[in-house]
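Data block below; observations after.
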């Protein structure tokens, strides 16, 4: 692991909202007296009924209960739109950049208000009200944000299903939350290719009870010819012509659910993560402001999809609650060329950029040329999210993309946490490439060993969180017992993140990967992220994923999937070279037993590597790979199976 330290530059410190002394003071206050701390910061949003109770939380076995600001009432859409109209009605709220570089729009707060009210009225006319669930299955178009905020305006609960999910996955999620109304588009556009969204919705509904879904609202994106079921389906533009652009916002309790978002469970059955209104918005807006050092007038771009929690918290809710200008991108980093990200940054003068390590690594594989063709002079803060970023990719991001003048915030958090938990702050934190550094305000990480004993000082172990924070999920939809079992039964009175971590002598946290991504080689536990980082540090390697597989002698062997940089070819010589490289870097125990050169790795559209699939292939067991429709490129799996290194026959 890299222990290089990058000091806070004077330019970052001078304009930062928080310096090191302020961080330490605020952090100490947040953990010693959370009631007072969050009472103050809870007022960063507007309340129609002010709260008098701040924190009412318990992680006790059999009695897990999380409530924040519970006697207050508010409305998320009111906070994200209406309260800005007087002072910044004509400011751009959303910059939309289409898949095609010639398509973009600027949507002001006034326009956003009108569009959201219109969408809310369309929903209301179809019987949607407080507490009803609405499934959204949309591309990255402005209507996705309008639909989220329209549900929030009415007190309805949105459940977004990412546009890459199959009809089966969509059906199980519609059924899981009992949505009577689905909002979709005729087709999506992604990297120049069309995605048959409406056709997938039709397929999904066929798999459900006939009386479940009453209405399907279809946004015209491509104008493609799609089947419309009379009486059930309606084009959004036609329905919107029948309503006004004024709609009152429903004041809801702080603990009223805002959204359900399904995330993969270890059993393969997705869990409906429930986030509520008040605490979630306080936490999303506060982390957005301080982590990205957001100043009025900044242009902020998070490259995620709204189908993932990052898109919920850091494209829509956090930025808009702060009156920010947030960029929403329909496309992919490599279309029409692999300069696209950097061209968008120059086109819209982006100041803050938040993306995933997997995107950074894949662009890094194409060399510096595509980056250097652009200026990127507007950039000030670069963020990373989704998985641990290896030091080499961190360094490339810092040096090449940011010209060694932008602060990097390597953020660690989860769907379940609602917002960022461990992160540097641009004006406060010395940086170590590969480390998520220190906890955000109110977050108390603890390291425990396998027996649940709390570890002190520099150590490696299981990452847990002691005590609650306002953005924390409240339950698994319809299954509170599963919530308790999954997150609170492993270690008593602690929230177990499922991640392993290392804490160094400076109190910095290094996330080592999911605990189920730990390989046990001859009795030695090893985080896959460490071996992956070592492989990616080799000059010929663009990306690597490491999994365990059954080994006659060691119990588990190390199987590495390696994607090489453009222009490099895989060979037995290179295999040997990589084994020697890792052996030298980490030690003989970490030497890969099998290396498979792969043109690509199976990733979800949000960029997460599907390790479950890689493990199955490494185990020579690919008869039960499960649903691969969520992958960005399902064909990658066929290549991996075809060229696997561990054939039993």
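Easy rule for this one: first residue shown is 1, then count along the chain.
Every residue, even glycine, has its Cβ placed from backbone N, Cα and C.
Record features, source Swiss-Prot:
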- 190, 191, 192, 193, 310, 522, 583: CoA binding site (BINDING)
- 386, 387, 388, 410, 411, 412, 413, 414, 415, 499, 514, 525: ATP binding site (BINDING)
- 536, 538, 541: Mg(2+) binding site (BINDING)
- 608: N6-acetyllysine (MOD_RES)
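Projection of Swiss-Prot feature records onto the structure.
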residue: 191; record: CoA binding site; DSSP class: coil
residue: 386; record: ATP binding site; DSSP class: coil
residue: 413; record: ATP binding site; DSSP class: coil
residue: 514; record: ATP binding site; DSSP class: strand
residue: 536; record: Mg(2+) binding site; DSSP class: helix
residue: 608; record: N6-acetyllysine; DSSP class: coil
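Taking 191, 192, 388, 411 as the binding-site residues under consideration, the smallest Cα distance to residue 536 (Mg(2+) binding site) is found for 388. Within the same chain, residues at least 6 positions away in sequence whose Cβ sits under 8 Å from that of residue 190 (CoA binding site) are 99, 139, 163, 330, 331, 332, 605. Closest by Cα distance to residue 514 (ATP binding site), from the recorded positions 310, 541, 608, is 608.
Comparing Cα positions, residue 608 (N6-acetyllysine) lies closest to 415 out of the binding-site residues 191, 193, 415, 583. Cβ neighbour count for residue 583 (CoA binding site): 15 (other Cβ atoms within 10 Å of its Cβ, all protein chains included). DSSP gives residue 310 (CoA binding site) a helix state. A 10 Å radius around the C-alpha of residue 192 (CoA binding site) takes in none of the binding-site residues listed as 388, 411, 413, 538. Here residue 310 (CoA binding site) comes close to 302, 304, 354, 385, 386, 606: these same-chain residues lie at least six apart in sequence, with C-beta atoms under 8 angstroms from its C-beta.
Each residue contributes its Cα atom, and for residue 411 (ATP binding site) and residue 541 (Mg(2+) binding site) those atoms are 24 Å apart. A Cα-Cα distance of 12 Å separates residue 538 (Mg(2+) binding site) from residue 583 (CoA binding site). Among the recorded positions 193, 514, 608, the residue whose Cβ has the fewest other Cβ atoms within 10 Å is 193.
Closest in space to residue 388 (ATP binding site), of the binding-site residues given as 191, 193, 541, 583, is 541, taking the CA atom of each residue. For the binding-site residues 536, 541, the ranking by surrounding Cβ atoms (within 10 Å, all protein chains) places 541 first.
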